Amino acid sequence: MDSIIEDVRVRKILDSRGNPTVEVDIITWNGFGRVAAPSGASTGSNEVAAFPQGGVDEVITDVEDLISSELIGMDSEDLTDIDSVLKEIDGTDDYSNIGGNTAVAVSMAVAKAAASSYSLPLYRYLGGNFKNEIPYPLGNILNGGAHAGIHAPDIQEFLVVPVSAKNISEAIFANVAVHKRLKELIQEKDKNFTGGKGDEGGWVPNISNYDALEIQHQACEEIGDEIGITIKPSLDLAASELWDSSVEKYVYGQDNISRDSGEQIEYVKEIIETYGMFYVEDPFDEADFDGFAQLTKAVGDKCLIVGDDSFVTNKNLLAKGIELKAGNGIIIKPNQIGSLSATYETVKLAKENNITPIVSHRSGETTDETIAHLAVAFSAPLIKTGAVGGERIAKLNELIRIEEELANPSMAKFD
Ligand SMILES: O=C(O)[C@@H](CO)OP(=O)(O)O
Ligand SMILES: [Mg+2]
């Protein structure tokens, strides 16, 4: 009774890029859940459709009534049933009628409302009482590619992980210390740098990919020595954005260099070895499972090789990746797949096969903090959610609050 859905409200709100997105409220007899959907700029081609053709406005005018008439009276605890109902209402394979962002916001808001109906935080409702591990934050310190303007490095994300931090506060402040130091190092390389930032709050300088890798490494070492924590560099190459199928090459415009698949493998391998990369996401085009497999075989024992656009949080694509050994990590973004139940199934399959799940934000975000709860509930050892910026710190600060609530908190362990 406490968790029966009494009302569903959908509204149009702003995201961090100034684009419209949906926010959903689910009201139960004794609870309330609110979730806003994020959106990507470098999206995988197999992601579900974010919105119907008419965009967020169509969701508000047509879709809201359809959803609320079906969901009112259902029990918010029956999430898999509710996710099936949403799929039925939509009637397509990719949520192109109601929008994957609408579906996922409803799905996650239903889970939050169920948790709230029993006065539980979401991470505990989903993960149970014994959860006590906090994920390490992957902080974004320099932005390039589709998250930045022209003359930025081609590599999309230069990230850092404070792998020996003892608690989340130490971890988060280590990341921002690197972010701050990096600004000083950029100013030495790019005399015209005005302090500009990209979509995820990392700096956007006019420097080469090589220079960016060098100062990323330097900033990690310097801050690590100063505060006594090991901080490791990481990358998201978002290589589908670099792949030009007409010439079958990865095009690095900022460096004026193109690499074929074999050269790309060598290039990424060399970067991992030279800089001691902890984590490398999307080093190849989303369809190049063979490239992923070769790199994983060569350096997968010392670096996480992570699929984002290749897997799009889809358990069937992950199953193919497992079979081909195309990576040892998977990015988890609920809005790529359109429901919390499907997200969970993918996480489960990953864990059963020793594939590390990394819960992640999108480049277009809101101040919604739900993914912080998901990362704890799923026992994901890493969360990728930026280092600075209101929509990024919403998740990081929530992790500080969650850690405070846990009985015997510890940082996550890597298997
Ligand atoms: O590629 C990525 O991993 C993400 C988030 O960092 O970017 P986007 O949301 O633009 O897909
Ligand atoms: Mg990515």
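Each position is counted from 1, following the chain as shown.
Each Cβ is built from the backbone N, Cα and C atoms, and glycine gets one as well.
For 5-126, the entry in TrEMBL reads domain 'Enolase N-terminal'.
What TrEMBL records for 131-414 is domain 'Enolase C-terminal TIM barrel'.
Classification of Ser360 (substrate binding site) by DSSP places it within a strand. The annotation substrate binding site is assigned in TrEMBL to His147, Glu157, Glu281, Asp308, Ser360, His361, Arg362, Ser363, Lys384.
Cβ neighbours of Lys333 ((2R)-2-phosphoglycerate binding site) (same chain, under 8 Å, six or more residues apart in sequence): Gly40, Asp308, Val312, Thr313, Ser360, His361, Arg362. Positions annotated as (2R)-2-phosphoglycerate binding site by TrEMBL: Gln156, Lys333, Arg362, Ser363, Lys384.
For Glu200, the entry in TrEMBL reads active site, proton donor. Non-local contacts of Glu200 (active site, proton donor) by the CB criterion (under 8 A, 6+ apart in sequence, same chain) comprise Asn140, Asn143, His147, Glu157, His361, Ser363, Gly386, Gly389, Arg392. Taken residue by residue with DSSP, Glu200 (active site, proton donor) is part of neither helix nor strand, so it is coil.
Annotated Mg(2+) binding site per TrEMBL: Asp236, Glu281, Asp308, in sequence order. Neighbour list (Glu281 (substrate binding site), Cβ cut-off 8 Å, at least 6 residues apart, same chain): Glu157, Ser234, Leu235, Asp236, Leu237, Ala238, Val306, Gly307, Asp308, Gly329, Ile331.
Taken residue by residue with DSSP, Lys333 ((2R)-2-phosphoglycerate binding site) is part of neither helix nor strand, so it is coil. Here TrEMBL flags Lys333 as active site, proton acceptor.
Checked against ligand 1, the binding-site residues Asp236, Lys333, Ser363 give Asp236, Ser363 in sequence order as having a Cβ less than 6 Å away from one of its atoms. In the vicinity of ligand 2, defined as a Cβ distance under 6 Å, the following of the binding-site residues His147, Gln156, Asp236, Asp308 are placed: Asp236, Asp308. The Cβ of Gln156 ((2R)-2-phosphoglycerate binding site) lies under 8 Å from the Cβ of Ser42, Asn143, Gly144, Gly145, Ala146, His147, Asp236, Leu237, Ala238, Glu241, each of which sits 6+ residues away along the same chain. Largest Cα-Cα distance over the residues recorded as binding (2R)-2-phosphoglycerate, namely Gln156, Lys333, Arg362, Ser363, Lys384, equals 17 Å. Neighbouring residues of the recorded Mg(2+) site, listed in sequence order and excluding Asp236, Glu281, Asp308, comprise Gln156, Glu157, Leu235, Leu237, Ala238, Val280, Asp282, Val306, Gly307, Asp309, Ile331, Ser360, Lys384 (Cβ within 8 Å of the Cβ centroid).
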